[in-house]
Amino acid sequence: MPHRHCRDVPVLAVAPAGPEGLANGLWRLELENPGFTGVKPGQFAMLRPPAWGFDPLWARPLSISRALDDRIVFHFLVAGRGTAAFTRLAPGEPVTVWGPLGQGFAVEPGAPTLLVGGGIGIAPFVEYAATHPTPGKLALLFGHRPPRSCYPYDELGAMIAVESFQDKTPEDIPRFVELLEKRIAEHAGGLVLACGPTPLLRSVKNLADKHGVRAQVSLENRMACGVGACLGCVAENPEGHRVQTCVKGPVFWADKVTL
Amino acid sequence: MDLRVDLGGLTLKNPVMTASGTFGYGLEFAPYGDLRSLGGIVVKGLSLKPREGNPVPRLAETPSGMLNAIGLQNCGAERFLKSMLPGLPWRETPVVANLYACDTLEFAELAGLLASAEGVAALEVNISCPNVQAGGVLFGQDPALAARVTEAVKARAGSKPVMVKLSPNVTDIVAVAKAVEGAGADAISLINTLTGMAVDVRTRKPRLANVVGGLSGPAIKPVALRCVWQVSRAVSIPVVGMGGISSATDALEFILVGAGAVQVGTANFLRPDFSFRLAEELPLAAQALGITDLSTFRGSLAVG
């Protein structure tokens, strides 16, 4: 049986990410490590402060950005009531956490690997780069709208080759897709790993297919339990079967999921 | 404190069961507690053939509750028996198979298949799911149909107890309860979800692809308590209560109004170790209230 935990652990720190994080709803949260070991980059945890009572009802899934012996770090975007409530947590306040959950990204030390992060989708790549046995084989292409300082971009830049693209208007997106195609084509024979909004994942899937590059995509989905029981977060596979994003994903091989 | 409960021939070591549809096939929760500590495990509703369920979105969060329209996605009875059941500690904790079918013949066939498995201790008949087109809650809304399904299942269940899960989406739940009791049910469980909906004024769309879904969670507890109270006074078979149980006190409230045992549903999503913690906390909470014997406490609500 996989080793997982459900514990109430204290908040160590919660703060906007960088000087412009507050204005852009981008935050960094650190919790005491509930006992997570052997976290695979791309895995996530469910977080629910007991102080919520019954409203909001569900825990919220957050991608694990960094798993250290003493703490786990999350980067998140304020997207609704639950994530907004995370920003009001105080240091020392307990949060019920369970995980690590789901399937992480493939790690292939010999393969040139392109990491594609869209916005807050950059988060799991911090752990990926920090634990990869051959970081010299890694490159990150980061697409974003708020300033780079709102994300752990510099943290990644200290470990691997990074490149960013800020889209300020919708007209910028085709230029980003052009760049994405160029980088994916350069990784023929390697691996492309992507996390971000669904349109980005769809582009990665299509371009990887076009250039014969193996690709994985990390899906984001509304979840109630996170453990495969509620069947609320299903994605569809090419055979038309509905599969749980929480346990069969969130990281899928791109050809095994319909986007 | 003696926590044992007899549910019409099904003996539980304590009154804490899991509710179908919220505990998967049981194994999903094994990393978070000892399945053997539970009174009973009611698994995800099973049909004869695998079902893919409804399109997404299937879930919506509501104040103190949630709506679901999963549509009984499941792996099918055969796969459950072959691949999941052997992994459950069925010798120590009774595994109850919840079953769903589209007509009485199919109910009978499925009941025969499930009851023949050694590791299945009892059957829970789902005549109350609001999220499927055929059958589902329709069986549970008509006392005569509910009785027919119960008879069909009972006829094929052999010596395994049959529990019928009722819907609150009826005018007179007691009439349905009496009908299934008359048809041979060994126990009754209630309530299934209340039909509800949630909409988004910005997109002008329903929040569920199925438009309507089943409401569960703490929001429905008052309705569930009322139903358990009404039904447990009207029938002589054991009643299992569920609907919004989120604490040991909630569980005791259901026992006070007449429930022999309880099932935990949505609270399993609040934290995956909830049912395990409840099994541990229930006797302590009872003792703290001066309750020394659950059987005399059961149904002892003072009215009038």
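Backbone N, Cα and C define each Cβ position, glycine as well.
Curation plays no part in TrEMBL annotations; they are all automatic predictions.
Going by TrEMBL, these are the annotated features:
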| type | residues | note |
| --- | --- | --- |
| BINDING | A:R60, A:P61, A:L62, A:S63, A:G82, A:T83 | FAD binding site |
| BINDING | A:C225, A:C230, A:C233, A:C246 | [2Fe-2S] cluster binding site |
| DOMAIN | A:4-107 | domain 'FAD-binding FR-type' |
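Distribution of TrEMBL features across the structure.
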residue: A:R60; record: FAD binding site; DSSP (3 states): strand
residue: A:G82; record: FAD binding site; DSSP (3 states): helix
residue: A:C225; record: [2Fe-2S] cluster binding site; DSSP (3 states): coil
residue: A:C230; record: [2Fe-2S] cluster binding site; DSSP (3 states): coil
residue: A:C246; record: [2Fe-2S] cluster binding site; DSSP (3 states): helix
Cα-to-Cα gap, A:R60 (FAD binding site) vs A:C230 ([2Fe-2S] cluster binding site), nearest whole Å
14
If you measure between the CA atoms of A:C225 ([2Fe-2S] cluster binding site) and A:P61 (FAD binding site) and round to the nearest Å, you get 9
Near chain B at Cβ under 8 Å, of the listed binding-site residues A:R60, A:P61, A:L62, A:S63, A:C225, A:C246, we get A:C225
Would you kindly give the Cα-Cα distance separating A:P61 (FAD binding site) and A:C230 ([2Fe-2S] cluster binding site), rounded to the nearest Å?
14
Pick the one among the binding-site residues A:S63, A:T83 whose Cβ has the fewest other Cβ atoms within 10 Å in this structure.
A:T83
Centre the Cβ atoms of A:R60, A:P61, A:L62, A:S63, A:G82, A:T83, go out 8 Å, and tell me which other residues of that chain have a Cβ in range of the FAD site.
A:F44, A:M46, A:L47, A:A59, A:F74, A:F76, A:F86
Ranking the binding-site residues A:P61, A:G82 by other Cβ atoms within 10 Å, which is at the bottom?
A:G82
Compared by Cα position, which of the binding-site residues A:P61, A:S63, A:G82, A:T83 is the closest one to A:C233 ([2Fe-2S] cluster binding site)?
A:P61
In all the protein chains shown, the tally of other Cβ atoms within 10 Å of the Cβ of A:C246 ([2Fe-2S] cluster binding site) is 28
Among the binding-site residues A:L62, A:C225, A:C233, whose Cβ has the fewest other Cβ atoms within 10 Å?
A:L62
What whole-number distance in angstrom separates the two most remote CA atoms of the FAD-binding residues A:R60, A:P61, A:L62, A:S63, A:G82, A:T83?
15
Integer Å distance between the CA atoms belonging to A:C246 ([2Fe-2S] cluster binding site) and A:P61 (FAD binding site)
9
A:C230 ([2Fe-2S] cluster binding site): tally of other CB atoms within 10 A of its CB
28
I'd like the number of other C-beta atoms within 10 A of the C-beta of A:R60 (FAD binding site), please.
24
Spatial separation of A:T83 (FAD binding site) from A:C246 ([2Fe-2S] cluster binding site) - C-alpha basis, Å
18
